[in-house]
Structures are given as structure tokens and as C-alpha cells.
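**Student:** Before we start, here is the structure in question, set down as C-alpha cells.
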Amino acid sequence: MSLDEDARWLEWVTKQFESIAGEDKEIDLEEFKTALKVKESFFAERFFALFDSDGSKTISLDELLEALDLLIHGSETDKLRFLFQVYDVDGMSAYIFITLQQTIDKDFSWPAGSGSIDPDELRTVLKSCLRESAISLPEEKLDDLTLALFESADKDNSGSITFEELKAELENFPEVMENLTISAANWLKPPGLEQKKGRHTPRYLTPAYWHNNSRKLLFLCAYTCLNLLLFITAMLKNAEGGFWYMVAKGCGQCLNFNCTFVMVLMLRRCLTWLRATWVVRVLPLDQNILLHQMVGYAIVTFSTVHTTAHFMNFVHLSQNSSYSLWEHLFTTRPGIGWVQGSASLTGMVLQIMICLMVVCSSTFVRRSGHFEVFYWSHLSYVWVWALLVVHCANFWKWFVVPGVIFLLEKLVGVAVSHMGGLYIVEVNLLPSKVTHLVIKRPQFFHFKPGDYVYINIPDIAKYEWHPFTISSAPEQPDTLWLHIRSMGQWTNRLYEYFRQPDSQVVSTKRLSASLKDRRHQRRAQLSENHRFCNVKCFVDGPYGTPTRQIFASEHAVLIGAGIGITPFASILQSIIYRMRKQNCPNCSYSWCENIKDSEMKLRKVDFIWINRDQKSFEWFVSLLTKLEMDQADEEPEGRFLEMHMYMTSALSKNDMKAIGLQMALDLLAKKEKRDSITGLRTRTQPGRPEWGKVFQKVAEEKKGKVHVFYCGAPALAKLIKAQCEHFGFNFYKENF
């Protein structure tokens with residue numbers, strides 16, 4: 001580092017030290033644990049002992065600077081020796097760092113300890129690694145991991161691992177040595193060493209962004225120009241009324257358009273139909289929810305300016321007429337409006353209702369477990385439209401055609417949802433608080449992979465409808481699957497409803513004979529949380545999503561975060577049916593039965609599933625196992641489907657607290673040909689994907705035009721979309 005960087009580094013470390021040190025200007029073990037925020041005290045105690053070079057049971061500022069210098073600037077050998085001392089549990093409890101003076105001293109040598117790692121020490125460390133990474137494995141599996149790593153590292157079969165043997169073993173994992181550090185000690189990193197980001201062109205000004213978002217941007221330009229045209233035209237027609245009157249009329253005309261257009265964007269059946277036509281290549285149909293939100297904000301803006309302009313105009317009128325300001329605002333005496341002078345009163349009510357609708361539909365309300373607030377407040381759109389007809393003499397002209405279509409969609413939805421008897425026939429409650437519903441599928445119900453439905457369960461909430469993605473394949477004829485994560489009031493009530501051990505809803509008396517036969521065949525598989533039932537429900541849909549375009553892609557990258565895998569579960573199952581191998585009963589010839597070949601353009605599929613914890617993988621692990629079995633005979637580089645699993649709570653391979661565990665997991669996975677965390681052949685990777693490297697590999701495969709489909713948290717969507725723009729990939733995000 002330069003002198004300036006050294007000064008900033010020292011200032012930063014001193015500031016961090018003072019923030020956690022006690023009055024004695026020393027850091028004790030408890031303060032050290034708090035600062036590191038480690039889950040397992042084993043590592044905190046080991047790191048503390050190694051940082052405490054003088055054995056005083058406290059860490060001074062000088063000791064902290066020496067430790068930081070080694071962890072950030074030290075050589076690979078220095079870091080490896082530190083790692084070896086952590087694993088050498090019965091070695092010396094203090095680790096003397098090499099200072100500048102000690103480096104000059106040619107007679108300096110590392111402190112003597114046991115000098116080796118035995119199996120018990122390795123097992124102790126791996127057990128702590130599992131806890132630190134929030135991974136739960138049985139004791140037998142821990143023994144297998146210990147044995148796999150120990151046998152691989154103990155080259156001379158001496159019964160212990162020396163420093164040289166550990167170093168040689170780590171050389172087999174070059175990616176680990178690129179950035180060996182302690183992630184929990186991020187508070188130690190000086191700002192001068194953080195990854196410096198150069199001044200790049202803002203993302204929204206890059207050619208790639210404009211190219212990949214051309215449909216949306218052109219649509220927004222046309223939308224903006226149309227609003228400007230309506231505003232200016234209305235102002236000019238009412239020029240005789242003065243400035244504020246002109247502004248009010250201009251905003252009013254824009255409100256006529258936007259209060260109708262906001263409804264057009266939610267004509268789900270029409271949009272689903274249009275997705276199957278050429279229109280999807282011209283209009284941004286896949287972003288109708290985003291556009292609906294933008295139009296909603298435009299309505300609030302226009303209505304606020306409209307109300308303010310009328311208020312200012314009323315102030316002017318009250319000075320030149322017999323009516324006061326409050327009479328213009330809160331009475332019908334001035335006779336303003338085409339329905340008995342009610343324009344002012346209806347306008348005030350509309351302003352309040354529109355503001356409440358926007359506030360209650362905000363992200364912090366919908367995603368904070370209060371979805372019902374959003375749901376019921378949004379239903380007030382019926383009253384808003386009714387008041388608009390009364391408020392404005394011309395609104396009905398804008399509203400009549402889209403309103404009739406909207407009404408027909410609602411009537412069709414009611415008719416479809418009440419056709420036939422729909423019943424939840426099976427339920428599986430997963431420990432991760434996900435409710436897996438199996439619904440008896442009616443014969444008239446046809447959908448495509450990735451579609452979603454609205455479901456109403458009267459026993460949970462009589463009048464509430466909630467959208468969920470279908471997780472079963474359309475080729476599965478008898479049932480319809482939904483996987484519902486407990487996040488809000490309705491979903492929590494659903495989970496608790498089916499948890500009742502003696503609930504009448506799990507009675508099997510009314511089940512059909514076929515379902516009874518299936519029950520007997522699978523009785524051995526049923527657990528306390530897996531039961532049959534006969535619960536009445538209503539389903540409205542299906543409705544299309546961007547994922548409908550997957551089978552028209554050449555190289556599809558499916559990215560699911562958590563329960564966001566649900567649309568891809570349906571798609572992956574559909575792929576199984578479409579690409580299933582058939583074997584001739586009379587010979588060994590086999591072929592692939594490709595259903596609807598004209599619709600199937602896929603040459604390669606990369607499936608990426610990101611989960612926070614180990615339990616979340618239980619949702620679809622059986623499905624993924626089937627997918628792997630179908631490709632068991634194919635070489636990895638020639639596989640049509642390639643899967644990538646990530647567990648974000650697990651520490652990365654570069655972290656000193658996880659390096660041994662990740663090495664052991666890799667070795668055991670190669671030996672057993674099965675991942676210890678999920679049971680799949682695909683190895684679960686720790687941490688988060690490095691999207692730059694992931695997409696670079698996809699681009700190098702050259703399997704055709706790449707389309708990336710994502711379902712999950714919005715924050716991650718922004719990151720992935722930015723990478724797609726960089727690589728020139730098309731990006732589609734699930735919205736409903």
C-alpha cells in the first residue's frame with residue numbers, strides 16, 4: 001500500500017478497535033466474539049488465542065494490526081500456517097505473528113506445538129464447521145466426512161496430518177487459495193483494500209440496457225408522449241378559465257386515460273392470450289405489473305396536481321363570487337359537476353381513496369405479513385370507478401369498452417372457478433413451513449408450464465383470493481400442485497389449519513375408491529404431516545407468465561430463489577415428459593419421445609436454485625432426483641439439463657472457518673457420487689453465485705440465444721438483470 005493508504009488503514013483499524021474495546025483499551029474474549037458475530041464459539045476461541053500473541057488473554061491494538069496485516073497481506077504460506085494452528089486443537093493456544101523485526105531475524109521459527117492434526121481434532125473442527133454453516137448432518141455422515149478428508153490428506157498413512165500434508169492437499173483446491181480469509185472478520189478490513197469500483201457509465205445509459213429494454217422504453221416513451229398530448233390539448237381547450245383551471249383540466253384529461261389504462265394492464269386473460277401471439281414481441285406484456293404500478297403512481301401525481309389546481313382556482317373564484325372557499329370545497333351549492341354539483345365532494349373522496357390504495361399497495365405493506373391490507377384496500381377500485389363516473393362527465397366514454405371487457409373477464413373467472421367440484425385431496429406440510437397442496441384437477445382445466453392461478457379456500461377465508469404458481473406439469477392429468485410458503489396471515493392460517501391432528505378436514509370417508517387405493521399403496525410413506533383430505537376450494541385461472549417462452553428458447557437459464565423455484569418445478573417436470581426415454585420391449589433400442597416437437601426449441605437448460613438454508617431443499621428434491629436419474633447415462637458436458645445448487649447460509653470455500661468442511665464435502669461427494677446436503681448427484685455450492693463467472697460459462701457454451709428466467713426476491717433480480725445486460729442475454733422476471 002502507499003503511505004496515504006497506510007494512514008487511512010491505520011485510522012480505520014484504530015476506529016474499529018475503539019468501537020469494540022472496553023475502557024481498558026483491550027479486547028477480551030467476549031468482546032471479540034461479539035465483534036466477529038460467529039455462530040460457533042470454537043472458532044472465536046481459536047482465533048482469539050492466535051491473535052493474542054503475548055498470551056495476556058486480551059488483544060491490544062498492536063496485536064490487532066499484526067493479525068490484520070497477516071490475514072490481508074500475508075503470503076499463502078502464512079495463511080496456511082495460521083489455518084493449520086486453528087485445526088491443531090491440542091497445539092499451542094497462542095500464535096506469534098511475524099512482525100517486520102521478526103522477519104529480519106533469521107533465527108526466528110514458528111512456535112512449537114503438537115505439529116500435527118489427528119482424526120479427533122479434525123472431527124472437532126468439522127463439527128464446528130457444520131454448525132457455523134448451519135448444516136445439519138447425522139453423526140455417521142460427520143464420521144464419513146472426517147474419514148474422507150483425513151485419508152486424502154494423510155499421504156504417508158502416519159495417522160496424523162502435518163503442515164506439509166495439509167498444504168499439499170489444499171493445492172488440489174486452487175480456487176480456495178485465491179482469497180483465503182476470515183469472512184466473519186470483515187470489520188477488520190480497511191476501506192483502502194476494498195474492491196475499488198472505477199467510474200463506469202451509469203447502467204441506464206449503456207447501449208446494452210437500451211437494447212435489452214427496447215420494448216419497455218419505447219412503450220414508456222409512447223405513454224409519456226400520449227399523456228403530454230392529452231394534457232396540452234385539454235389546457236388549450238380551456239384557456240379561458242385561467243392558469244389553474246387549465247392545469248386542472250389538463251390533469252383531469254390525463255386521469256381519464258390513466259384510470260382506464262390501469263385496468264387494461266390487469267386484464268389477465270387477455271394478456272395470457274396475447275402472450276401466444278406476435279404482440280409479445282412488440283409490447284412489454286411480461287412487465288404489466290411494473291407498468292400497472294407506474295400508472296398507479298402517475299394517477300396519484302395527476303390527482304394531487306388536479307386537486308391542488310382546483311383548490312387554487314376555488315380561492316380565486318371565492319374572491320369574485322358569493323360562495324366562500326369552504327362552500328366550493330365541501331358543499332354542492334356552487335353547482336360544480338354534472339351530477340347535482342357533486343364534483344368537489346366526490347373529488348375529495350377520490351383523492352383520499354387513491355392515496356390510501358397506493359400506500360396500502362406499497363412493498364413494505366405487502367411483504368410484511370399484511371397482504372390482506374393490500375388485498376381489501378385494492379378492492380375499493382370498484383368505488384373509485386363509480387365515483388369517477390359521477391365526478392367527471394366524460395369518464396364513462398373512456399371507461400365503457402375496457403370496463404365491459406374487465407367485467408366479462410370477472411364473470412368468466414367466477415364461472416370457471418365454480419365449474420365442477422374442486423377439492424384439495426392431499427396435503428404435505430414441510431418443516432420449512434411450506435404447504436404442498438394436491439388438488440383434484442378438473443378435465444376442463446388446461447394450463448402451460450409456469451402458469452399461475454388464484455385460489456380461494458372458504459374454510460380459511462371465505463372471500464379472499466391469492467395467487468400462486470402451479471408447481472406440477474400440465475402432462476400430469478389427475479392433479480394440480482401448489483407449494484405455498486407461510487409468510488402472511490392467510491398462508492400461516494392455511495399451514496396451521498392442516499396441522500390440526502384431529503381436524504375433520506383430514507377425514508378419508510369421502511374419498512373416491514381410486515384415491516383410497518392410492519392411499520393404501522402409499523400408507524407406508526405417510527407421516528404426521530402428510531395426509532389425505534377432502535377440502536373444498538375454488539381456482540381462477542390459469543394465467544400466463546414470462547416463463548411461457550422457455551420452450552421457444554435455445555439456451556434457457558432458470559434461476560429460482562427459495563420458493564421461487566415453483567414455476568420452474570412445473571417446467572422441469574414438463575421437460576421430463578417431453579424428453580423421456582422410451583425403450584423397445586423386444587430389443588435394446590431406445591429413443592427420446594419429443595412431445596410437440598414444433599414448440600420445443602431448447603438445446604440446453606441451466607437450472608440454478610439458491611436457498612438460504614438446508615431445509616429449503618426439501619421442497620423439490622425428489623423431482624430433481626428424477627431429473628438426474630433421466631440423465632445418469634450422459635456425460636456432464638453433453639447433458640441437456642445442468643443443475644446448480646447454492647446454499648447462502650453456508651460459508652464459502654475461501655473462508656477459514658469452512659475450508660475443511662467444503663474440502664471434505666467435495667471429497668465425499670466424489671467418493672459416494674452424491675451430495676451430503678441434498679442427496680443429489682449435483683454438489684451444493686456454499687455461498688452465493690458469482691454471476692459474472694456463471695454467465696461467462698454460459699456464454700462460452702454457445703448453445704444459441706440465451707434467455708434468463710428468474711423468480712425470487714426483487715433485489716436479486718436487479719443484480720441478475722444487470723449481468724444479463726452485460727452479456728447480452730434476454731431477461732424475464734416472474735410477476736403476478
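Numbering starts at 1 and runs along the chain as displayed.
Backbone N, Cα and C atoms are what each Cβ position is placed from, and that goes for glycine too.
Caution: TrEMBL annotation is automatic and unverified by curators.
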**Student:** Transmembrane segment per TrEMBL sits at which of 33-53, 411-431?
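**Tutor:** Transmembrane segment, as annotated by TrEMBL, spans 411-431.
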**Student:** So what's near the transmembrane segment (217-236) in sequence-distant terms, Cβ-Cβ under 8 Å and 6+ beyond its ends?
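**Tutor:** For the transmembrane segment (217-236), the far contacts come to 210, 246-247, 249-254, 256-258, 283-284, 291, 294, 298.
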**Student:** Report, as numbers and ranges, which residues of the same chain sit near the domain 'EF-hand' (141-176): CB under 8 Å and 6 or more residues beyond its ends.
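**Tutor:** Long-range Cβ neighbours of the domain 'EF-hand' (141-176): 77, 80-81, 83-84, 87, 115-119, 122-123, 126-127, 130, 653-654, 659-668, 671-672, 676.
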**Student:** Give residue numbers and ranges for long-range contacts of the transmembrane segment (411-431): same chain, 6 or more residues beyond its ends, CB-CB under 8 A.
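**Tutor:** Non-local partners: 269, 437-440, 442-444, 454, 456-457, 479, 495, 498-499, 506, 511, 515, 529-541, 615, 618-619.
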**Student:** With the transmembrane segment (242-267) as the reference, which stretch in 294-315, 335-360, 381-399, 556-577 has the largest tally of C-beta pairs below 8 Å?
**Tutor:** 294-315
**Student:** Could you pull out which residues elsewhere in the chain have a CB under 8 Å from any CB of the transmembrane segment (294-315), counting only those six or more residues past its ends?
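**Tutor:** Apart from its flanks, the transmembrane segment (294-315) reaches 220, 227, 241-242, 244-245, 247-248, 251-252, 254-255, 258-259, 261-262, 265, 325, 328-329, 344, 347-348, 350-351, 354-355, 357-358, 361.
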**Student:** Across the domain 'EF-hand' (141-176), what is the average pLDDT of the model, as a whole number?
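**Tutor:** Averaged over the domain 'EF-hand' (141-176), the predicted model reaches a pLDDT of 83.
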**Student:** What else in the chain is close to the transmembrane segment (381-399), if you only count residues 6 or more beyond its ends and a Cβ gap under 8 Å?
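**Tutor:** For the transmembrane segment (381-399), the far contacts come to 252, 255-257, 259-260, 263, 337-339, 342-343, 346-347, 349-350, 353-354, 357.
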